[in-house]
Structures are given as structure tokens and as C-alpha cells.
Ligand code: NAP
């Protein structure tokens, strides 16, 4: 019999197919087919470089096995096999205890990045994932493409509306879709899809239409962002997904939402807000948003956001590049509003969502830590408990 060994796996249900792990792996142990992103047990040397770059924590799965799962087996999975299903003897019932000390230390370090392993809110609706893939994408038609930011701002952020006609494409707020840019890469292979958060609610950008919206910023060198930002009404787009099974809204109308975002990271929170507006207008749980952009004319949805009543959404819009005004980041405003944040942190009904630039994570965590500790709460313990209860979510790139 083979000696039991640790195998690194990726949870196909939670993975959002951003392929960042594949691009990061220094030994090319991570690969994909049309369906899944998987780890080759023969190549993986447990360097852990892929763990902190994963936005969902789906990369952080381990099983003790007698015989490693093959690539073919992993490609076919819709969800991960439980540890108990594995192997024949020693591996049965084997678990994290079987990991050696060095591995545990590495994992503990890795979990510090990317917000650790995320869980869906207990009351969230069940998401549909991975319905369309690289080999079988949905074909959507562009219904609208509107610029959200001024020409003078130097930032071209677009509101895209995609329509799916008769193809079922069920999404929940907070989920993402992939867009496959046309053409081939430098190696003559089709381009991988690029991920965008859906910015409309589950019942459509227009209620009861089979459409959804995205919020996309044109990046100077961005292959897909330029393709998307230049799309015209009626153009056809190849779409994969939907993806994401944890960054979801609670259904509970008493749940309180604290949303922290920068730039286009506001996309999912537009969906959250519209969902509450449409489906739970009288919800007792409040929504508080800290949203950072360079200036009002580069903050996506600045006008419409200001029209959302405070009783539904309390907005703290902060700006970093207004001439003559001191730079302000979301974490600075959180400190100014620390009583509001402390009140939310102390409430078991509160769900925290952080979305946007990866660089903001550290500053936002520090603000939470200062605020929590000023009220006698240990931040790490509070955050980890919230994460385990599906109440702490991070999606940063
Ligand atoms: P951006 O305009 O570059 O930045 C937005 C604001 O964040 C600016 O005020 C910026 O200030 C500030 N900022 C920079 N570093 C910060 C830090 N360390 N802490 C706090 N604030 C900081 O943003 P963007 O280009 O729109 O990028 C948004 C990010 O969201 C991207 O990484 C994108 O991939 C990600 N995202 C997008 C979606 C989507 O669906 N579109 C979904 C999820 C995540 P400065 O003046 O200092 O630059």
C-alpha cells in the first residue's frame, strides 16, 4: 500500500476561474481544462505561492490520500470529495492532524492573505455555478454600454448590459462571470476568460428580464477591458460562469451589511443595494458603505448612488485626488466613523464585505483592528469567527 500523502486540491464549487493561481505557480503545477482549475500532485511542491493570491480561498484545500487524485478525476468534479471518501486505510479518517508541523505553519501564514477561507452567509440563496464553460460558453448580446465617469477624469469606467435571450443564466448578487476575449494569445491558444462581478440584482438589470450588468474599467494595456469597453449594442459576447459561492448576500432582512470598496470594486454592492430596494425595501437591517475613488467624477454611479435614501444605504464616499484637499482612503473614514463601525462589529447580525484593490486590504484590516480593540474586542478572533459564520467576505484583486 502507498504511504499516505497530502494532496493539494482546489474547490471547484467556490473557485471563480480567475486563473491567478495558475499564473502564479512557479512550477506549473496548476492547470485547467474547459471545466476546472486543478493541481498536479506530481508537480506541486507545496511552495504556497498560490494561496494568498486566490480571491476566494478555494485554493486552500488539502486531503490526505493513499493515491493522489489524477488530473482527469479533478477535471470531472463538480464539488470536492470529502476527506472520509478517500483511499482505503490509513487515509480514511485522516485529516488535518496528518499534516506535519511545517505544513501547518505554512498554511497558517498563507491564511493571513486573501481573507482566508470564506463561507457563504447562512441565509444566502443557493447559487448556480459553472453552468457555462470555456468549451460551452453562453452567448450574450450587448444591450447597453454607458460611460460612468467623465472624460476629464482620465478613468473610463463602463456600465455594460448583457442579455441572454432564451439561455438560462441565473446569477445572485456578488457572483462573477467570465468574458472570453476573441482571438488567440501569443502561443496561438484561445484567451482565458477575464472575470467581472455582476453589478445588477438576481432578477435582472431590468426587473424580470434575462439580463445583467457589469462595471468595467478600461485598463491601458488590458486586452479584455478594451474589448468590453468598446463593445457596441447588438455585439455578441462569449460568457462563462456564473462563478462564486461565498461572496453572497444574506436573505435575512434583519442582516446588517457593512460594505467597503474602492473603484470598480463597488460592482457587487450595486447589486446588493438594488436587491434590498426591490425585494426587502422595509428590511430592518441597515446597509453602510465606505466607497473610495479618486474624485467624484471617477466614482462609478456617483449620481445614482447619491439618490439612494440614507435609510436604505448610509454612504461614506471618500476621495483621494481632489486638488487642494487632503487624500482620504476608506480606512481613514472608517476611523472617523469608528462609533458606527464599532456598533456594527458588536452586532451578530452584521456581515462585512470588502471589495476592490488588493492594496486596500491591509489598511482596512488595521482600521477594523484599531476600532475592535478600542472596544475591548480582539480583532483576529472576531474576524475569524465572523468568517466561519459566513459573515466576513473579501474579494480583492
Ligand atoms: P482605482 O481607481 O485605482 O482606486 C480607487 C481608489 O482606491 C482611489 O481613491 C485610490 O487612491 C484608492 N486606493 C489606492 N490604494 C489604496 C489603499 N492601499 N487603500 C485604500 N485605498 C486605496 O481603482 P480601480 O482601478 O477601479 O480598481 C478597483 C479594483 O477592484 C481592481 O483591482 C479590480 O480588479 C477590482 N475589482 C473589480 C471588480 C469588477 O467587477 N469590476 C470586482 C471585484 C474587484 P489613489 O489616489 O492613491 O490611487
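Note that Cβ sites are derived from N, Cα and C of the backbone, with glycine treated the same way.
What TrEMBL records for this protein:
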- 6-35: domain '4Fe-4S ferredoxin-type' (DOMAIN)
- 37-64: domain '4Fe-4S ferredoxin-type' (DOMAIN)
- 135-249: domain 'FAD-binding FR-type' (DOMAIN)
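Confidence for the domain '4Fe-4S ferredoxin-type' (37-64), expressed as mean pLDDT, is 93. Note: the domain '4Fe-4S ferredoxin-type' (37-64) comprises 0 helix, 7 strand, 21 coil (DSSP; helix = H, G, I, strand = E, B). Within the domain '4Fe-4S ferredoxin-type' (6-35), the DSSP-based counts of helix, strand and coil residues read 5 helix, 7 strand, 18 coil.
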